[in-house]
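**Q** Pasting the relevant annotations from TrEMBL:
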DOMAIN    A:17-218  domain 'MacB-like periplasmic core'
TRANSMEM  A:259-280  transmembrane segment
DOMAIN    A:267-387  domain 'ABC3 transporter permease C-terminal'
TRANSMEM  A:315-337  transmembrane segment
TRANSMEM  A:357-377  transmembrane segment
TRANSMEM  A:407-425  transmembrane segment
TRANSMEM  A:431-451  transmembrane segment
DOMAIN    A:483-685  domain 'MacB-like periplasmic core'
TRANSMEM  A:488-507  transmembrane segment
TRANSMEM  A:712-740  transmembrane segment
DOMAIN    A:718-834  domain 'ABC3 transporter permease C-terminal'
TRANSMEM  A:761-793  transmembrane segment
TRANSMEM  A:805-825  transmembrane segment
Amino acid sequence: MFRLTIKQVLAQRLRLALTLLAVVLGVTFVTGSLVLTDTSQKLFDDQFRTATEGADFTVRSAAAFDSAMGVEVERDPLPHALLERVAGVDGVATAAPVAKGQGLLEFDGDAIVPAGASLLTTWVPEPLGAFSLRAGTAPNSPDEVVIDVATANAHGITVGDTVTVRAEEARPLTVVGLVGFGSADGLPNSTVAITTLASAQHLLGLGDGFSDIMVVKTDAAGPDFETTLTSALGASYEAASSRDLATASADAAKGSLEYLQIMLLALAAASLLIGAFLIANTFSIVITQRTRELAVLRAAGATSAQLLRSVLGEALLVGITASVAGVGLGIAAALGLRQVVGAFGVPLPDGDVSVTPRTIAISLVIGIVVTLVSALAPARRAASVSPIAAMRDNTAGGASLGRARTAGGAITAVAGVAAVVTVVAGAPVALLGLGAVLTIVGLTLLGPVIMPPLARVVGRPLHVLGVPGQLAAESAARAPRRTASTTMALALGLTLIMFVTIVASSVKDSIASTYKEVISADYVVESARGEMLGGLPPMVHHHLSQLDEVAVASRLQYGHWRYGTSVRALTAIDPDTIGEVASVDMVKGALADVAAGGVVVSEQVADDLGLDVGDEIPMTFARTGEQQMEIVGLIDDQDAQALSTDYLISLGTYAKVYTETMDASVFLRTAPGVSAAEAHSAITNALADFPTAEVRDQAAAISGRTMAVDQILGLVTVLLMLALTIALLGITNTLALSVIERTREIGLLRSVGMVRSQLRALVQAEAVLVAVLAVILGTALGTGFGVATVVALGQSGPLSLNLPISQLLLLMALTAAAGLVAGILPARRASNLNELAAIAQG
Amino acid sequence: MLATLESRTSTALAVQARDVVKIYGRDETTVRALDGATLQIEAGRFTAIMGPSGSGKSTMMHAMAGLDTIDSGQVLIGSTDITALGEKQRTLLRRERIGFVFQSFNLVPALTASENIALPLTLAGKRPDPAWMAELASVLGIEQRLTHRPHELSGGQQQRVAVARALIARPEVVFADEPTGNLDSRHGEALLGILRKAAHEMGQTIVMVTHDPSAASHVDRIVFLADGRVIDELEDPTVPAILSKMAHLEAPSTRIGE
């Protein structure tokens with residue numbers, strides 16, 4: 001009796017722990033996502049505030065917009081004469097000119113290529129400048145430079161060493177000092193090189209011009225100083241307050257965080273949903289086990305409402321405890337999440353985590369609400385226990401399934417599938433999401449009805465294991481609700497992974513096949529860093545076009561512009577040579593027509609905007625403002641994709657509206673009679689001075705273009721694996737509870753001679769069966785939604801289906817195998833049950 | 001017909017328990033559930049173990065059947081000392097040489113009656129002898145119920161299926177723990193009749209734990225337990241004789257559980 005009591009307490013604790021775990025993991029995910037994005041935003045804010053806090057205003061060339069797609073726009077340099085004009089404005093105490101841009105660092109013959117920027121800027125002493133000397137002296141002569149401590153440490157550079165700074169020009173400079181940035185050793189994922197003004201101007205090819213002028217006002221300057229300064233500058237220049245500037249820069253950087261936050265939160269929601277299934281399941285099993293206790297309470301006079309409150313109270317307690325634990329774990333997990341995200345090519349700034357009250361509040365509320373909502377149905381079932389149930393011996397029997405639920409489930413599921421099918425047949429893609437949700441909801445409602453027959457059929461092969469296998473299949477079939485919700489939780493995780501895998505694989509495949517069809521170039525030279533706008537210095541194209549081995553070198557440039565309020569990208573091409581390296585299908589007009597200053601748009605865009613050849617499209621450029629551009633041709637959608645954007649202009653037009661000189665790609669056709677090896681080595685030699693330029697053959701060029709998809713797929717898969725782990729814990733959880741529930745049956749089996757290994761096989765077999773059921777369901781749903789999405793998108797865009805069979809099979813096998821692992825613990829638990837205690841119970 | 005089946009000499013001993021001690025709990029809360037109990041079960045006879053609540057009768061049965069370990073003493077099934085056996089060997093011994101009938105929850109809900117009956121054999125990877133299965137089913141009156149699942153059977157039918165399961169492997173001894181406890185008197189009488197018949201006509205050794213004098217009146221011999229010791233016994237009992245013995249035995253101590 002004492003032993004029994006102890007065992008029951010242990011059982012309670014296990015039950016409690018497993019329920020808690022499901023909530024904790026979901027809340028951890030939510031908190032981790034929020035903390036990570038908050039932290040990154042705060043770090044960006046701090047960084048840009050530090051960068052500008054020394055000056056009151058920054059004078060720079062005017063632009064129609066400040067940033068696009070996370071990149072600050074290029075601005076024209078300021079003429080030398082402006083400095084005097086600014087200095088002469090009433091109330092200006094200091095006007096410090098700055099030349100800054102990209103300058104690659106080379107040390108010991110190797111280029112230092114950071115994931116982020118290679119900043120080259122002008123030394124401005126503190127407090128005006130943002131960098132503070134940590135060692136050595138400031139740069140005084142044109143051949144001196146200071147670099148950031150972080151870069152120096154990472155590459156073993158010390159004061160006295162020589163580094164080469166390569167921008168428009170390259171020059172070896174002596175490192176005379178090391179700087180920090182505020183309290184940090186440098187800028188995240190960047191290198192910093194700071195020279196004298198003259199040196200920076202020379203390296204950046206600015207002549208005697210500046211990038212911007214930092215202004216400090218006198219104490220006597222009045223509140224109308226900004227107006228005075230702005231009117232003194234005229235319309236071509238603007239003065240931005242440092243606070244605005246920091247905000248704008250931080251906003252630009254944070255733009256790229258937004259999609260990450262949305263993605264992380266979506267995945268957190270998925271894992272919470274999976275968690276909700278588990279919570280509901282656990283509570284419902286617990287209620288079933290306690291039916292007698294509840295019935296006794298009812299018989300003793302407890303009302304339904306009291307029972308409902310008592311179960312919900314328990315849920316509330318679990319929700320609060322688990323959410324608090326989840327918030328704590330989530331804060332710790334944020335740093336790990338940053339590593340994971342970083343590993344998939346999304347570099348985030350390093351620094352202490354920042355936890356806002358909002359994060360804590362949201363996470364707690366979500367965790368508690370999800371727990372309460374999940375416990376609602378079991379609680380209502382508890383409240384409906386009749387006092388007579390106390391007298392009944394067998395409480396385990398399957399609760400009757402409402403006919404309304406079954407009918408509702410069937411209707412919902414059919415409606416969902418119908419919606420998905422109509423999308424494939426041509427209905428708007430937006431219906432797909434609704435269809436998917438309806439299908440899943442319908443199947444969730446139907447689960448307890450379809451699971452028993454499915455479990456018996458799928459479990460048939462288990463009969464080769466003898467009695468344990470047979471009992472495993474029966475056990476899964478005889479607990480429809482339990483099996484259904486455990487299966488659905490795992491199936492949902494698998495559905496998401498499969499969906500993402502299929503869509504990503506199709507997108508990659510389409511990118512590759514389009515590229516192969518359109519681009520006929522033998523080689524393409526691109527920046528290895530994958531900058532938003534390219535990143536090849538103009539000299540790259542120049543050198544390559546001089547090579548005897550190269551017949552044609554055609555370059556591409558990218559630019560951002562605005563259509564109304566939305567930011568779009570365009571590609572500039574060389575109308576004379578593009579035909580030699582790409583075979584473009586035009587729907588109307590000819591690509592070469594852009595030479596006259598017009599724009600070629602994709603057929604899709606023309607359709608969407610209701611424009612045709614001869615119409616004008618208003619394009620707003622940062623430097624030159626809005627301009628009416630004539631549409632001179634329509635390009636096939638797929639071919640536009642191969643050239644990266646839906647809008648094509650000529651390099652000549654580009655030069656008129658942008659100052660950007662970097663090329664995005666240089667397409668090369670080798671001269672006749674030159675072997676691939678000869679061409680490759682000639683190109684490589686020509687690129688010797690351009691460490692970030694990389695020569696790629698077709699395959700490498702394609703993988704460069706699909707890298708982003710791979711990175712997102714990798715990140716999503718890893719995070720979904722976490723959700724899947726929660727679902728697998730669900731199998732462990734429910735089986736452990738089911739073992740407790742079946743204590744007497746196990747005791748009976750043991751007493752009539754079932755040995756422990758057979759009992760373990762029984763539990764393991766059920767775990768695998770549930771996993772396999774989930775694999776079947778998840779594969780059907782994931783593949784269905786994935787295929788439907790790709791087919792639907794393929795109707796309006798360049799996308800065709802590519803099923804990554806081997807990857808999908810691997811996922812299926814892994815999930816089934818994971819079921820085996822999930823069963824280990826409950827199996828051991830079952831086999832360790834003392835048969836005597838098992839018989840004595842009841 | 002049944003008489004032609006295996007019969008054992010009435011003097012052979014099927015089970016022997018010597019000075020069995022079983023202690024529950026630790027330190028101050030220890031309870032000596034068995035305190036030097038010694039008894040012998042003769043083969044081919046229907047024996048009952050009786051005693052007041054807390055006398056240790058169920059513990060005694062568990063110890064003799066190899067369901068639980070003991071703290072000291074010795075238990076022999078035939079000539080096998082089961083106290084020297086490991087957990088797995090005891091399980092295999094139960095499967096092959098011992099049959100069980102419990103008060104309730106005797107059947108695996110997921111299996112049909114015939115699958116439940118065959119369970120000890122199928123667990124060992126063997127098939128039941130169809131003729132023996134048919135004969136048991138006919139003797140127990142459950143031929144029409146073999147394909148049914150437990151929840152489709154009455155309580156009496158369930159217990160008869162359990163008896164068939166206990167007999168299917170032709171065990172050396174069948175232990176029955178309050179087998180009629182959940183049955184009405186008519187079904188209880190019938191079941192006891194079947195058990196008695198199995199002992200007398202098939203030579204099956206049967207040990208029944210009960211606290212019900214009327215159930216115990218069906219057996220050949222009763223062993224009385226009190227405070228974890230065997231204190232008396234009664235051959236060919238009648239209800240009045242049992243009641244008078246029991247009156248002397250009512251345990252003065254009140255223990256929780258048993």
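Just so it is clear, glycine is given a Cβ too, placed from its N, Cα and C backbone atoms.
Quick one: how deep are these features, and who are their neighbours?
**A** Tertiary proximity for the transmembrane segment (A:259-280) is limited to same-chain residues at least six positions away from its ends with a CB under 8 Å from its CB atoms, namely 19, 22-23, 25-27, 29-30, 32-34, 36-37, 315, 318, 337, 341, 346, 366, 370-371, 373-375, 377-378, 485-486, 488-490, 492-493, 496, 712, 715-716, 719-720, 722-723, 726-727, 729-730, 733-734.
Residue counts for the domain 'ABC3 transporter permease C-terminal' (A:267-387) under DSSP, helix first, then strand, then coil, are 100 helix, 0 strand, 21 coil.
Note on the transmembrane segment (A:315-337): residues 16, 19-36, 39, 264, 279, 283, 353, 355, 359-360, 363-364, 366-372, 374-375, 379 of its chain, located 6 or more positions outside it, place their CB under 8 angstroms from a CB of the stretch.
On the 0 to 100 pLDDT scale, the domain 'MacB-like periplasmic core' (A:483-685) averages 88 in this prediction.
Same-chain residues lying 6 or more positions outside the transmembrane segment (A:488-507) and placing a CB less than 8 Å from one of its CB atoms are 270, 273-274, 277-278, 281, 440, 443-444, 447, 706, 709-710, 712-713, 716-717, 720-721, 723-724, 726-728, 730-731, 770-771, 773-775, 777-779, 781-783, 785-787, 789-790, 799-804, 807-808, 811, 815.
Here the transmembrane segment (A:712-740) has Cβ contacts under 8 Å with residues 11, 14-15, 18-19, 21-22, 25-26, 29, 263-264, 267, 270-271, 274-275, 277-278, 281-282, 285-286, 289, 340-341, 344, 346, 475, 479, 482, 485-486, 489-490, 492-494, 496-497, 500-501, 504, 746, 763, 766-767, 770-771, 774, 815, 818-819, 821-823, 825-827, 829-830, 833 of the same chain, all six or more residues outside its ends.
For the transmembrane segment (A:761-793), same-chain residues at least 6 beyond its ends with a Cβ under 8 Å from one of its own Cβ atoms are 420-421, 423-424, 429, 432, 435-436, 439-440, 443, 451, 454-455, 458-459, 462, 465, 468-469, 471-473, 475-476, 483, 486-503, 506, 727-728, 731-732, 734-735, 738-739, 754, 799-803, 808, 812, 815-816, 818-820, 822-824, 826-827, 830-831.
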**Q** In terms of Cβ proximity under 8 Å, which residues at least six beyond the ends of the transmembrane segment (A:431-451) contact it?
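**A** Residues 401, 405-406, 408-420, 422-423, 476-477, 480-481, 483-485, 487-488, 492, 495, 773, 777, 781, 784-785, 788-789, 792 contact the transmembrane segment (A:431-451) from elsewhere in the chain.
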**Q** Can you tell me which parts of the same chain pack against the transmembrane segment (A:357-377), counting only residues 6+ beyond its ends and a CB-CB cutoff under 8 A?
**A** 23, 26-27, 30-31, 34-35, 38, 272, 275-277, 279-280, 283-284, 311-312, 314-316, 318-320, 322-324, 326-327, 330
**Q** Under an 8 Å Cβ to Cβ limit, what residues of the same chain, 6 or more beyond the ends of the transmembrane segment (A:805-825), are close to it?
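**A** Beyond its ends, the transmembrane segment (A:805-825) has Cβ neighbours at 490, 494, 497-498, 501-502, 505, 724, 728-729, 731-732, 735-736, 763-772, 774-775, 778-779, 783.
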**Q** Do you know the DSSP helix, strand and coil residue counts for the domain 'ABC3 transporter permease C-terminal' (A:718-834)?
**A** 101 helix, 0 strand, 16 coil
